[in-house]
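Step one of this worksheet: look at the structure below.
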Number of protein chains: 2
Amino acid sequence: MEYVLSHVDMITAGVPYKVETDMYLVIKDGYIQDIGHHPLPEHIEKEWTVYNQKGKIVLSGMYNTHAHTPMSLLRGVSDDVELQTWLKQEIWPREGLLDREKVKTSSSLALAEMIKSGTVAFLDMYHLHMDDVFELTMQAGMKAVLSRGMIGFGTKEEQAQKVEEATALAAAWNKNGNGQIRGMLFPHAPYTCPPPFLEMVIAKAHENNLPLGIHLAETSEEVERHKQLYGKPPVVHLDELGFFEGEAVLTHMVHLTEEEIELVHQPNLTISHNPMSNAKLGSGIAPVPAMLKKGLHVTLGTDSTASNNNLDMFEEMRTAALLQKAAGHQSGAVTAEQVVDMATVRGAKALGFLEEGLLQPGAPADFILLDASSLHLQPVHNIFSHLVYSASGADVTDVFVNGRQLMKNRQLQTLDEERIRYDINQSFDDLERMFVKQKEGRS
Amino acid sequence: MEYVLSHVDMITAGVPYKVETDMYLVIKDGYIQDIGHHPLPEHIEKEWTVYNQKGKIVLSGMYNTHAHTPMSLLRGVSDDVELQTWLKQEIWPREGLLDREKVKTSSSLALAEMIKSGTVAFLDMYHLHMDDVFELTMQAGMKAVLSRGMIGFGTKEEQAQKVEEATALAAAWNKNGNGQIRGMLFPHAPYTCPPPFLEMVIAKAHENNLPLGIHLAETSEEVERHKQLYGKPPVVHLDELGFFEGEAVLTHMVHLTEEEIELVHQPNLTISHNPMSNAKLGSGIAPVPAMLKKGLHVTLGTDSTASNNNLDMFEEMRTAALLQKAAGHQSGAVTAEQVVDMATVRGAKALGFLEEGLLQPGAPADFILLDASSLHLQPVHNIFSHLVYSASGADVTDVFVNGRQLMKNRQLQTLDEERIRYDINQSFDDLERMFVKQKEGRS
């Protein structure tokens with residue numbers, strides 16, 4: 001697999017971001033072998049397959065650090081209601097009806113939607129059928145950090161078994177994932193995983209050198225309840241339990257004190273900031289400017305389509321910037337460079353897919369092309385600004401992971417879009433039939 | 001011009017919104033003559049041109065109640081800086097260089113971008129060459145409320161002349177606009193228009209039966225300065241000056257007290273809420289839930305691409321909902337139905353283009369079609385939710401105004417997209433050359 005993309009403009013990866021015009025990228029065996037300004041070296045021009053991509057912008061792919069792909073079936077089942085109503089009356093009863101087939105169609109939809117909007121890698125957590133998500137991700141050609149989610153209820157034996165199974169799965173994915181998949185242990189949240197269970201998971205993670213993930217400090221209610229139960233906020237509690245000693249991704253992190261922000265200021269810790277989900281569920285606005293000021297590794301995640309309601313990381317970037325500017329009455333509260341950094345370089349690092357640097361010779365060929373001709377990107381002088389403040393995932397035309405083309409001119413190359421559309425609607429009809437039947441049975 | 005769109009799903013216009021499936025719309029002479037469920041009446045099937053649009057969703061077009069189309073050239077010239085720096089160092093010096101040609105290319109881009117994202121009508125204000133915007137709007141086939149913006153400086157005579165000219169233009173547009181264009185008087189803001197000037201404008205508006213528009217209470221600094229100067233906030237001051245006695249569109253309205261919200265609770269007054277511009281410039285978050293609770297007519301506007309940075313009303317709807325949920329910690333703070341209402345029915349009413357109701361027999365044939373097949377709109381069960389929480393302007397495929405098709409399968413029918421793209425980039429290069437030269441001349 002050797003080829004050259006020529007005559008592209010490229011956004012360099014890393015602050016300060018720059019736009020380099022009229023570039024070529026030489027791709028070989030899944031890696032970027034060379035990047036340069038035209039003209040092409042003569043021997044490459046002669047011997048390689050050259051694809052002229054004039055008018056396209058090369059950008060690092062998007063790294064989505066929080067998803068629940070099996071929940072894509074639940075997009076739009078409930079909006080505009082309080083979190084507890086949403087969970088208890090709409091989401092959980094339907095999740096109880098998800099079987100292997102429905103998880104598979106949901107995840108297929110999510111993966112296809114992510115590729116279509118320029119995402120090359122994601123972190124996924126669900127309590128069911130994650131082995132199917134592994135297979136799907138391999139087939140789709142994306143990179144992912146996968147975890148079977150855990151809730152710490154049941155007997156001690158049941159708990160131990162749960163942790164054993166999740167660990168075995170993570171280890172198997174690490175082994176069989178061809179470097180594209182990494183396993184993770186993801187206890188759901190401090191409010192669903194009591195301290196002894198968390199200690200068990202933490203020990204297992206450290207023993208097996210697996211990264212940890214968790215939902216943390218998402219709502220103020222959850223933080224208050226934790227303080228009442230344990231006399232301390234969940235972030236402080238997790239620190240005491242040793243959660244922060246290894247590699248970990250801390251998701252949401254909306255309700256934090258200055259001291260708690262300082263506590264998670266460690267090179268091994270990543271924040272997965274989910275602004276649209278936190279907004280939609282009324283959870284609040286994470287203190288991102290304070291986190292960035294302290295130097296925390298802040299990344300971006302969409303959460304599931306049940307609370308977003310799409311997986312477009314371009315929109316997530318824009319919302320991340322706009323929310324902070326609005327709430328802080330500061331137009332510079334979070335900048336375009338900062339949100340691109342979160343969605344690309346920092347995300348790649350958090351997921352373990354960044355070696356030396358993105359978009360440079362020696363780096364995996366993970367990148368996307370965007371069409372610069374859309375009217376909302378005119379005039380094309382400051383394309384970096386346009387990508388953050390005007391573009392959407394729909395402007396992405398091509399997606400490459402390890403040099404393999406997952407989307408070509410908006411056509412998926414590794415997944416069957418028509419089939420996914422058919423399956424997801426069949427699955428949804430089936431789910432709603434079961435949901436209505438179950439409700440009738442209860443009443 | 002007689003035709004039928006058949007086999008569409010339709011979102012009815014007005015709370016509660018409903019999705020009607022397998023509908024037909026009969027269009028005649030610019031109006032919707034009939035709407036019904038299939039099968040088509042036999043005589044229509046036989047005698048009319050029927051376009052099968054299966055898979056498309058019919059929705060009211062979007063009504064953008066705040067734009068400055070001649071500023072589209074300035075997209076991306078400056079982001080992430082404080083408002084005063086933005087205005088004084090980046091925007092105003094470049095605006096000083098806009099000539100008739102540049103205003104025309106800018107507005108052409110804006111109109112094309114609006115049509116491409118499903119907007120059928122807009123309110124536009126600029127101090128230069130609005131006669132060209134009138135011509136362009138007629139050519140493009142959109143509906144608009146136009147105004148030559150006014151700033152109240154200069155001698156008494158100069159001021160009077162300014163008001164005379166703006167009034168004459170508005171009257172001419174009303175006369176020559178074929179019902180598609182309405183004239184408006186738009187003094188820029190209380191901080192640029194001293195009370196005597198405002199009184200002159202208000203008198204002129206009432207005398208000529210013209211609606212008024214103004215930027216109001218956009219930033220807290222502006223409100224504080226007004227209180228220092230006049231001993232009262234600008235909203236109270238405008239009320240005393242008689243600004244609220246006729247039809248008026250009050251734009252931004254971010255920094256208001258409960259009493260001020262009550263003061264503008266009048267059937268002749270409209271709020272143009274611009275959430276993305278207010279966010280991007282760090283102005284703040286307007287108290288929309290309080291406004292809605294009191295029953296104010298809240299509509300949506302994008303402001304210009306210099307502070308948005310696109311003209312996509314779908315994104316504006318979503319941001320309007322998400323910002324309030326996030327800031328108010330209430331997932332129901334502003335609902336999907338409320339933002340659609342703002343962007344459609346209330347916008348149409350504010351701009352004077354709503355007679356009986358939208359999307360019903362007898363209404364002007366102003367509507368859009370969306371493609372329901374996109375992956376981010378799957379499963380397609382609750383398409384109303386998807387349109388607000390997942391769609392973007394890029395999902396709009398067709399736009400109709402007075403029955404005339406302005407976009408067909410994403411192809412503009414009344415404007416030349418290729419030409420606009422060429423012109424805007426030429427204009428921008430020219431502008432930046434002049435801008436650099438001017439800066440050098442000053443230093």
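Backbone N, Cα and C define each Cβ position, glycine as well.
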Per TrEMBL, B:GLU95, B:ARG148, B:HIS188, B:ASP303 bind substrate; matching candidate in B:GLU113, B:GLU207, B:GLU218 = B:GLU218
Which of these, B:HIS215, B:HIS386, does TrEMBL say binds Zn(2+) at the same site as B:HIS66, B:HIS68, B:ASP303?
-> B:HIS215
Using the recorded Zn(2+) site (B:HIS66, B:HIS68, B:HIS215, B:ASP303) as reference, state which further residues of the same chain have their Cβ within 8 Å of the centre of those residues' Cβ atoms, listed in sequence order.
-> B:ALA67, B:MET125, B:THR251, B:HIS252, B:SER272, B:ASN274, B:SER277, B:GLY301, B:SER304
Just going by other Cβ atoms within 10 Å, which of the binding-site residues B:ARG148, B:HIS188 has the emptiest spot?
-> B:HIS188
What three-state secondary structure does DSSP assign to B:HIS188 (substrate binding site)?
-> coil
Cβ proximity for B:HIS68 (Zn(2+) binding site), under 8 A, sequence spacing 6+, ordered by residue number, returns B:ASP124, B:MET125, B:TYR126, B:ASP303, B:SER304, B:ALA306
Non-local Cβ contacts of B:GLU95 (substrate binding site) (under 8 Å, 6 or more apart, same chain)?
-> B:MET71, B:LEU74
Mapped onto three states, the DSSP assignment of B:HIS66 (Zn(2+) binding site) reads strand
One finds that other Cβ atoms within 10 Å of the Cβ of B:HIS66 (Zn(2+) binding site) number exactly 23
Looking only at Cβ atoms, how many others are within 10 Å of the one on B:GLU218 (substrate binding site)?
-> 25
